[in-house]
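Working notes, structure below.
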Amino acid sequence: MDVELIDKRVLEYLQKKGFKQTEIAFQEEQQQQQSKNSSSNSHTDPDVAKLILTFTSESESLPAQYHDGYSKLRSWAHNSLDLYKHELLRVLYPVFIHCFMDLVARGHLQEARNFFITFREDHETMHQRDLQKLEGVLSPSHLEEMEFAHTLRQSKVNIKICQYSYELLLQYLHNTRSITMLGVINEHINFQVCPGQPGSISDDADAMTLVDGGQDAANLINQKEIQWGMLEDSIEDRLEKGGGLLLDSEKVDTENKEGENEENKKKSADGGKQGASVKKSKKDKVGGTGKTARPEANTPMAPRVKPELPLPAIPIEVEHSILEDLRNRVQLSSVALPSVWDMSQLGQQTSTSALQGEKDAAGNEQMLGTNGVKRPYTLFQGHSGPVYSASFSPLGDFILSSSADSTVRLWSTKLNANLVCYKGHNYPVWDVQFSPYGHYFASCSHDRTARIWTMDRIQPLRIMAGHLSDVDCVRWHVNCNYIATGSSDKTVRLWDIQSGECVRIFIGHRSMILSLAMSPDGRYMASGDEDGAIMMWDLASGRCITPLVGHTSCVCGEGSLLASGSADCTVKLWDINASTKTLRSEEKTGSSNRLRSLRTLPTKSTPVYSLMFSRRNLLFGAGVLSKRS
């Protein structure tokens, strides 16, 4: 290979890129080399020469390099051994989208469109929403103006891969001299190489992630300490400890009744049947309730934490009602599943209000409809756009509603009137949720923020900003010290109420998050996405415990047993305890079966949009009955 030809190509490349200082240094080095070797012939490695000439080829062949390079990489990955194929296939999607965007950025618009159309079908199943967004990239300016494309080009994709798969990929790139593909992979992919055998196919949900600022920033946030336990001295706390099964007023009444029973016992020394039966029934009533409410001996108690917010006092009569419900709570397990009540609405609506609260807040009032016929519901009017969410206060005396008109409204169920209109969001408000103790509530919006409010102030107390796209759902932690938010950026975040800081980032979903649920003890959280995947998270460590797959559309769930409802007209019950226990054994054996579905409950023709466990562990589901032809 002629040395002068190689030097010429290198100089042309440096001039094209504008590297003036490097060009001058190269020319000086070239002159010194010529003076040294004036009496001898220079020899160059033919492989190195070929690589340099390939790298500095003319720009007219650039689109063909991207197309041919990706096509060969795709064929090689699909023809690999089954043991490593699923890990090598993870590389194709980020390489595909960055090849497309590189072609657009270099001005090869028609070639980029042909490339996108040719290979798009390979990624439709897992990344349909992303492809729909990228389809709108028609010019280099769109890469900067479109937030999604700009985020992709500024961030690296983290891919988990075993050591042997990683070495296979490097060997392929070296042997085929795929300089273009190597450049794309080096610039946009960060490999997390793990020792040992390849992971299972079920790990694909969290094997490829994209986070603004990198995975290291997310790991740093997840190291923060959080208090995930239940509130100390709460009604549930007293009930679980066993010593506080009765309220103070009830303890006094019980002591008086026991004294009367002792006097009756002395008077009826003959042991009459009537007195004995009365005594036995009272004993069973008190003792039996306490035994049922006590937790199992082998179940560890959740830690107790103090509230960071001043919580409102609960009226005595409400405490009595809550305690009565908790005493009569059904203990759920894999062999004792909850009863389900499905409430379907006839009509053409596409959404329903959220199920919150234990009582019927609207009462039994009858209001006249447009045709003069009485209707068994109360109609609240005031929003100027579609209503996306509604939430009852714990006492059932207030309702919150969020709307496309960017406002949240507070309604009185006693007065049947609008009390307050909260304005703060700049775009549609997708979700609003009362805190478990009332007074405080959280909202989330298209403006990529979540906000904390109180009923007595028209301005928000906290603004949680950090998501890269719409915040679609919000959920309070059981101790009211945190809120969780799910976003269209495919992440879930946990926020500290007092400081407003993000203390956890949960990464692993492949589509927008539509639902969130907290476990009763506050340790675990479940999130459901648009593709039908459910992920269980440990709040303490920030790790995904187990993914649950079985639905075909969006899911939501609550309760000690996880219940999920879907647009596929089913409700599924999951054994979370079995799923978490088998996780370690699966990691050792390499088994990919993490599905722990206890039961599937089909509806006749009702997509399930909302689920709620009552305090007595009855499961309620709501949806719109769709009439099939």
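Placement of Cβ uses the backbone N, Cα and C atoms for every residue, glycine included.
Residues or ranges marked as compositional bias 'Basic and acidic residues' in TrEMBL: 248-270. The feature domain 'TFIID subunit TAF5 NTD2' is assigned by TrEMBL to 63-189. Annotation source TrEMBL lists region 'Disordered' at 246-307. Here TrEMBL flags 380-412, 422-463, 464-505, 506-547, 558-584 as repeat 'WD'.
Long-range contacts of the repeat 'WD' (422-463) within the same chain: residues 309, 311-312, 314, 354, 356, 385, 388-395, 398, 400-410, 469-476, 478, 480, 483, 485, 487, 495, 497, 500, each at least 6 residues beyond the stretch ends and with a Cβ under 8 Å from a Cβ of the stretch. Here the repeat 'WD' (422-463) is broken down by DSSP into helix, strand and coil counts: 0 helix, 22 strand, 20 coil.
For the repeat 'WD' (506-547), the model gives a mean pLDDT of 85. Taken residue by residue, the domain 'TFIID subunit TAF5 NTD2' (63-189) breaks down under DSSP into 104 helix, 7 strand, 16 coil.
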